[in-house]
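These notes are about the structure you will find just below.
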Amino acid sequence: MRRESPHTASEAPVGPEGGAARKAADADAAARDGQDTLPLPPWKGPAILLVDLDAFFASVEQLDHPAWRGKPVIVGGDPDKRGVVSTASYEARPYGVRSAMPSSTAYRLCPHAIWTRGRFDRYREVSNEIMDILRSETPHVQQVSIDEAFLDVSPTAVNREHPVEVARRIQRRVEELGVTCSIGVGTSKTVAKIASDMDKPRGLTVVYPGGERDFLGPLPVRTMSGIGAAAEEKLRSRGIRTLGELADADEGMLLRAFGKNGRVMHVRANGGDDAPVAQDDDVKSVSNEMTFAVDLTARDEVEGAIATIAAKVGRRLRRKGLRGRTISLRMRYDDRSVRSVQRQLAAPSDDELAYTPLLHRMMDELWQPGMPVRLIGVGMAGFEEDEGVQEALFDIAKVAPSEDDVRPSIPDEGKRRGLIEATDLVKDRFGETAVRFGRELRGEGNTTGSAAKNPADYK
DNA sequence: TCTGGGGTCCTAGGACCC
DNA sequence: TCTGGGGTCCTAGGACCC
């Protein structure tokens, strides 16, 4: 059975051995005031930090627009065009505005908020500066997203610095850039991640070695990364609501219910997560989606939209120097159902002029006359290693032609590349709408939201 | 005037080969 | 001779994350 009276992160610090969570914000504040702080309890074993930037997009907007500071700021899609909230500043949250909420709802809750669709290049820029700070602290940095990263700061024979000291310094250095972060410190990624969420913004929550089970036990299962709505419901139906109950559950049952993820959940709930902080920055897929302000019903509109999105994907592939072999098409309909198809190309490609005709044939498999199309997505995956790319190009000739073969609309490979590169240059200088190929033009005007109007923001 | 966009990973079934 | 099983690739769908 689980013990009762669990400690949570908001309670008073406890010792390292019996210990649960230690909230270090007070000590942190004291340190900022230049006061002496109590010596930190020693740290034994692995130490993982999760650094999470607070309301990041909104904070960057407030940094760049001093007049917006102290006011509710919402970064998100248009309220009247099926947009959702990307980030709400802390001033907007008391009104109930949350990430992923439909913008229309957010507008109702907080009509006087400052609304912006976002400048993702700028967010990327600030994010890169912060990631540089993190990498200057340790090479063991795993960037999870634009605003989150794990760091392994386990004390070693060479570097004996206490993990909490590192965390405090990171907070100070990040704040010098004009934004803030919250940090969780623990012996595993699971614990660090959950701890980082306990106290925001500007929180520093520490779970000392040995305190994992007491810290996790009372929390709802949904708190843990990897458990979403579906798993939560499945667990609930088996009488499991907290991570403590999950930790004590029968592993065989979890295995039957969740496959190998069941074992992972069980181990993590017991504080036994030993997943390493790993740098794996290889991109595995590149895709773009577009939700239409008004559903598309005409076939040629859908074809036109596919061409436009395919061009966006192609351009991103070329910018990244990637050529993919697996192309996919996704459609969401009127009733929110989703269908998708994928195909293997005869040779890896980054050229929409080559693969768009195939996408149009794939569309035939998804096309349901009379069924309004709400969203279209195009994705490329199956990237080759750098060495393989050139070789693969020459392999085109060896592959037997088939129905789904890539049929270039401009047969001469050299001319086609020249044309593509020229248009990329123009788009770089004058924006995405400056140049369109014939197929792309149709269906334009129905496309919605930030992605359609300002594609450069979504790189 | 409900519910975006860009990703990763897993599963399950079928094809195909040995 | 009617019949196994492992490995791998491919495909569609779905859960989940920020």
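Just so it is clear, glycine is given a Cβ too, placed from its N, Cα and C backbone atoms.
As the structure is a computational prediction, the values presented were derived from the model and not from experiment.
These features come from TrEMBL:
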REGION    A:1-39  region 'Disordered'
COMPBIAS  A:23-35  compositional bias 'Basic and acidic residues'
DOMAIN    A:48-228  domain 'UmuC'
BINDING   A:D52, A:D147  Mg(2+) binding site
SITE      A:F57  site 'Substrate discrimination'
ACT_SITE  A:E148  active site
REGION    A:440-459  region 'Disordered'
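Cα separation, A:D147 (Mg(2+) binding site) to A:F57 (site 'Substrate discrimination'), rounded: 9 Å.
Cα to Cα, A:F57 (site 'Substrate discrimination') and A:E148 (active site) are separated by 12 Å. Rounded to a whole number, the distance between the Cα atoms of the residue listed as 'active site' and A:D52 (Mg(2+) binding site) is 5 Å. Ranked by how many other Cβ atoms sit within 10 Å of their Cβ, the recorded positions A:D52, A:D147, A:E148 place A:E148 at the bottom.
The number of other Cβ atoms within 10 Å of the Cβ belonging to A:F57 (site 'Substrate discrimination'), over all protein chains shown, comes to 26. The secondary structure of A:F57 (site 'Substrate discrimination'), as reduced to three states from DSSP, is helical.
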